[in-house]
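One structure is given below, encoded as structure tokens.
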Amino acid sequence: MSTVIATYLLHDEKDIRKKAEGIALGLTVGTWTDLPALEQEQLRKHKGEVVGIEELGESGPANEYFDKRLKRAIVKIAYPTVNFSADLPALLATTFGKLSLDGEVRLLDLELSDEWKRHFPGPRFGIAGIREKVGVYDRPLLMSIFKGIIGRDLAYLTSELKKQALGGVDLVKDDEILFDNELLPFEKRITAGKAALQEVYEQTGKRTLYAVNLTGKTFELKEKAKRAAELGADVLLFNVFTYGLDVLQGLREDENINVPIMAHPAFSGAMTPSEFYGVAPSLLLGKFLRLAGADFVLFPSPYGSVALEREQALGIARALTDEQEPFARAFPVPSAGIHPGLVPLLVRDFGLDCIVNAGGGIHGHPDGAIGGGQAFRAAIDAALAGRLLREAVKENEALQKAIDRWGAIEVEA
């Protein structure tokens, strides 16, 4: 029998096993011991089962926080897939719908059978496809966030796009809070942006992609995305958690939207930060987004301005790139507060197949966006060569200025 196995972290004053059994029954057949034998036999294939309990013992900080003694355990429950349709909304409603309202319960993971995974598309392009588009195979990619664009016009956008591209970035993304407006209409951002980046390409031979923010009412998104594809959009930035995972999957599965999708984590912080409630970041920002079809996934880095714990951030990256999964690997994009002095940490922790993503770390450089991009490229080259930044700055003025402004964290070989 095909099942989905959900892993939870439970905190409860009472019997953890009893709590787990109540969840397994309550989210499937509702009751069991009071049913006649014939009905039990008929419903057996629909019944949830507790398949594992690992008791963790009490947590002093948790007891102090809740002002009561709580037992803790990792609990695994198997849900028969015959109970729900093969889509993410049904999966979430079953495994963590009303349960998310029921005390101190946190969803850590969902294990899907190979049969069930076939219902999901995964990334259309993934790491390999994106690398082919930019022609870069031997280093982390560099992306610039288009900051300070709200209230500006197309002339400003194209001018700043060129500067960022001339600095050597591989991608430029819209700010996630840049929406369709009279000064910067969606379609004109695409056409003007492509023209500007083509000019730089003809000048330098270096290809830069532009991720335009796909926004608007949910039921208008597909037509808008199709139009973007027709206009030659490089990448679509998408605030997936303000719309829903199934909307992302719908965009990915439409064959007329043959454009990479970059998932932004905006609003996910409402679901992930607590150790007692919500959804683990590796599941929400990792496994789910890869299943649904994101080619890139932004998430807070462990050392920036909106930091995740290091192991949580690495867990997201592992979920996006695990080669045991039957999907293309998605690009991890650790973000927020990144500057050139952090590049050695990024390379150490996330390796070659990640994207170094910066806003203020590029635009705030003393020499502007061009200098900011150059500083990052020099830092990436130094990290890959195993050189300390304090040595690399001797050969690169842009990197020296960046380190003078933001400092650096060296990673000794």
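The backbone N, Cα and C atoms fix where each Cβ goes, glycine too.
Worth saying up front: this structure is predicted, and the values here are computed from it rather than measured.
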Given that Swiss-Prot annotates Lys147, Lys173, Asp174, Asp175, Glu176, Gly337, Gly359, Gly360 as binding substrate, state which candidate in His46, His264 belongs to that site as well.
His264
Considering only the binding-site residues Lys147, Asp175, Glu176, Gly360, which residue has the minimal Cα-Cα separation from Lys98 (active site, proton acceptor)?
Glu176
Want to know which binding-site residues, from Lys147, Gly337, Gly360, are within 10 Å of Asp175 (Mg(2+) binding site) at Cα; which are they?
Lys147
Of Asp174, Asp175, Glu176, which of the binding-site residues has the most Cβ neighbours inside 10 Å?
Asp174
Taking only same-chain residues 6+ apart in sequence, whose CB is under 8 Å from that of Gly360 (substrate binding site), what do you get?
Lys147, Gly337, His339
